[in-house]
Amino acid sequence: MHGRGRNEASKPEETAAKALELRSLQSQFMSNHHQKIYTQEAIQLSAKLLGINPDAYTAWNYRKLALVSRINDDSDPSLVNSIIDEELGVVKKALDRNPKSYEAWYHRNWVLSKKGRYYTSLENELQLLNDYQKQQLVNDYQKQDDRKHDNLRNFHAWNYRRFVVELTETSAEDELQYTNMINDICFSIYSVWHYRSVLVSSLVAKKADGFMPKETIRRELDYVHNAIFTDEVKQSGWFYYLWLLDQTVKMETPLRFSSWPSDGSIITTFCSEFGSFPLILYFDQAVSGVSSSTVTIDSELNGKEDLVWEPVSDNKNSQVDSCVWVARLKFDSREPCFSRKEYKVKVSLGGIFSSRGCNLTAPYEFVFTVLNTVGESSQQGIVSWTDGFDNWDDAQSKYLNSLIALNADTGFE
Amino acid sequence: MSSTSSSQMVQLVADKHVRYILMAEKKKESFESVVMDHLRMNGAYWGLTTLDLLDKLGCVSEEEVISWLMTCQHESGGFAGNTGHDPHILYTLSAVQILALFDKINILDIGKVSSYVAKLQNEDGSFSGDMWGEIDTRFSYIAICCLSILKCLDKINVEKAVKYIVSCKNLDGGFGCTPGAESHAGQIFCCVGALAITGSLHHVDKDSLGWWLCERQLKAGGLNGRPEKLADVCYSWWVLSSLIMIDRVHWIDKAKLVKFILDCQDLDNGGISDRPEDAVDIFHTYFGVAGLSLLEYPGVKVIDPAYALPVDVVNRIIFTK
C-alpha cells in the first residue's frame, strides 16, 4: 500500500496465477482452521500462507491454537524449544516480507511471553534484535541514502525491544549505552532519542548512581550538542534538546508551596471539646519526604505525638510523590494545657525535594492561631473551619454577593 | 480554500474516485485484492465513507453490503475482517461505522456487540484487540468510539481507560501505542480522539503536541507521521484531525496541504496514492478525501474529526434515541 510506483504493473498472467495460488492456500487454510486440524501438514500450510501474506491475522491465531494444542506445562523441554524455534522462524520469514506487520511482531511477543522461560536461546533474542536494527538496507529500491537505516526507524522493533529488555531484565544503563552506539551510526533516528529520553527519565526518577537530575541534564546537553552540530538540519536531536531545556527550566525553578491554615490566619474551634482539624501543605510540584522529621510543629496543642503525614493521591503508599500532603492536628479541651483561649502553632519545613530535584530554598515556617471558644458564639472577621462562608464579615459577604449577582446576569453556571 | 482556480491548479476529480471505488469492489480476484481479503471490512468502511463524503453512497447496494457484513459477525458478537475470519476489535468498529452510514445500527443486537468490546478491557484500563491479548492505544480509541456510537460507554471503566491513555503520553506531548512507545501520528489520532470522545482533552499538552504535529508538514506541503520520514497522504487525516481536536490547525499551511493531496490523485483512473506518482489504493483515497473535508474543500461533506464519520451521520446518532 505504500511506496509502490504507479506504473509498476506486473504482467497480468503472473498476477492472475499468484492470485489463484493465494486464493487456494487461503481456502485450504480456512478449512483446517474451522475444523481445528493441527497436523504437521496443516501447520506448514499456514506457514506458507503467512510467508506470502504476513498480515493474514487469522492464520497467526491458528498457529497460536496449534501451539497450545501441542504443548502444555508438562511437555518435554526439547519439544517446547523446537516448537518455539519453529514459530520464531515463521515470524522471521513474515517480517522479511513485511517488517511492519503488527501481527507478526505480536506473535513473536506472544510465543516468548507464553513460553519464554523455557527457551534456551532467550539471551540471543536481544542480540538478534541488535543485528536487525543495525542492519543497513542496500536493496535497489532504497533510492535515498538515509533510508538505509529504516530498520532503526521501525517502531515495531523498538516496542519489541522494550518487551525483550523486560523479559531478560536488561538494565536501563546498558540500554543507554546501546543508544550511544546507535547514535554513532546515525544521529537522526527519532526513535533512539525518544528511547533515550525514556531511559534518562527513569534513571533520574529511580535516583540511580550517577543520575542525579542536575548532573544528568548537563551531561545530556553536552551530548546532544554533538548531534546538533553534526547534522543541524535533522529534527530528532532538536526535539531532545528542547526537552532537556524544558527540564532545566523546571529544575531551576524554586519549589513553592502554600498551606491551610495559611500564615497569619486564625482558626476557631467551637464545636466540640475535642477533635482534630487538617493541616494541609500544597506544593507546586509533586514531592516526597514529607514527614514529622521534615515538618516540625511547635505548639502546646500537639503534645508529644508525632504527626502522620499522608499524600493525597490514588496511591496510599507514603513513599509516593504528591503535590498535596495532609496531617491531622488534634486538640482536646479537657487536657490541662488546653485551658487557655488562644494558641499559636508554628510549622517549620525543611529538607523536602521534588522528583525534579527542586527543593525549598531555605527552611520555611508559617504561624497560625487556634482560638478555643467552646460554648461561645463566633466573632467577626474570623474564618470558621466548621461552617464555611457563614461567618464572613460584611465586606467579604458583599463581595461574594456581587459575584453571585454577576453569575446570574451572565447566565454562567 | 479559495474558489478561484488557475488553469494549472489541479482539482478534485471526484467522479473518477467514485468510479475507482466502485470498480475496486468488482476486482475481487486481483492479487492485491486477495492479499487484502482479511481486512475487507476496513476497505468497505474506507470506500463507503469516501462515497458518502462525495454524496454518492446511493451508488452501492445497501442490501448487498449489509447482508455480507452480517456474515462477518461471530457468535461472540465481534466482527471479522471478512467471512470465515476470526473476530477482532478493528473490524467490529468498521462494521458499526458502516451500519451508521446506512442508518442501520438498529439491526444489531447492541448488547451482544457492546459486550464483546467491553470484555476486551484489561485491569489497567487498556484494551486488547481480541482474545489473544495484543494491547495498543489504537484499540482504546476503537473501543471508546464504537461504544460511544452504540451509546454503551457505561459498559467500560472510562476513568481507567483514560488513565491508561494518559500513561502513553510522551515527553514530546505525543502518544505511543503502549507506555514508553514513541509518538506516532496514527497513535496520536487514536489517543486524542479517545480523549475527545470521553471529554478528557484537558490531559493533552496542546501547545507541545500542536507544535510536534505542525512540524510534520514538509516543504512540498505534505505531512509525515514522525520526524525524518516521508510525506504520506494518510497523515493528512491522522495529523490534521488531531490538530483540529486540539484547536491548533491554523499552525499548518492548509493551502499547501490541499495542493499536496490533489497532486496525489491519479487524474486518469481515479484513486489517490500515498505520494505523487505512486500506486493508488482505497486506503489513501479515503484519507485524501477525508483530509480535504477537514480542509473544507468545496464539494466534500464535512467529516467529524473524532468519529471519522460524516457529521450528519454523527448528528443522527447523537440526536436519536
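Think of each number as a place in line: the chain as shown, counted from 1.
Glycine is no exception: its Cβ is also placed from the backbone N, Cα and C atoms.
Per Swiss-Prot, the feature geranylgeranyl diphosphate binding site maps to B:H184, B:A185, B:G186, B:R226, B:P227, B:E228, B:K229, B:Y235, B:S236, B:W237, B:W238. Taken from Swiss-Prot, the feature Zn(2+) binding site applies to B:D232, B:C234, B:H284, supported by similarity to another entry. Sequence annotations record features per position, and here Swiss-Prot assigns N-acetylserine to B:S2. Sequence annotations record features per position, and here Swiss-Prot assigns repeat 'PFTB 4' to B:158-199. Here Swiss-Prot flags B:206-247 as repeat 'PFTB 5', drawing on sequence analysis. The annotation repeat 'PFTB 6' is assigned in Swiss-Prot to B:254-296.
In sequence order, B:H184, B:P227, B:D232 are the binding-site residues among B:H184, B:G186, B:P227, B:D232, B:S236, B:W238 whose C-beta falls under 8 Å from a C-beta of chain A.
In this structure, the C-alpha atom of B:K229 (geranylgeranyl diphosphate binding site) lies 17 angstrom from that of B:H284 (Zn(2+) binding site). Cα-Cα distance from B:P227 (geranylgeranyl diphosphate binding site) to B:C234 (Zn(2+) binding site): 15 Å (rounded to the nearest whole number).
Put simply, the two farthest-apart Cα atoms among B:H184, B:A185, B:G186, B:R226, B:P227, B:E228, B:K229, B:Y235, B:S236, B:W237, B:W238, the recorded binders of geranylgeranyl diphosphate, are 19 Å from each other. B:H284 (Zn(2+) binding site) sits 10 Å from B:S236 (geranylgeranyl diphosphate binding site), taking the CA atoms of both as reference points. On the backbone, the CA of B:W238 (geranylgeranyl diphosphate binding site) and the CA of B:D232 (Zn(2+) binding site) stand 10 Å apart. Less than 8 angstroms from the CB of B:S236 (geranylgeranyl diphosphate binding site) sit B:G222, B:L223, B:L257, B:F260, B:I261, B:F287, B:G288, B:A290, B:G291, B:L292, B:L294, each of them six or more residues away in the same chain.
In the three-state DSSP assignment, the secondary structure recorded for B:G186 (geranylgeranyl diphosphate binding site) is helix. The Cβ of B:G186 has fewer other Cβ atoms within 10 Å than any other of the binding-site residues B:G186, B:P227. Most buried of the binding-site residues B:W238, B:H284, judged by other Cβ atoms within 10 Å, is B:H284.
Close to B:H184 (geranylgeranyl diphosphate binding site) in the fold, though at least 6 residues off in sequence, lie B:G174, B:G176, B:C177, B:G225, B:R226, each with a CB less than 8 Å from its CB. Between the binding-site residues B:K229, B:D232, the minimum number of other C-beta atoms within 10 Å of a residue's C-beta occurs at B:K229. All protein chains included, B:C234 (Zn(2+) binding site) registers 22 other Cβ atoms within 10 Å of its own Cβ.
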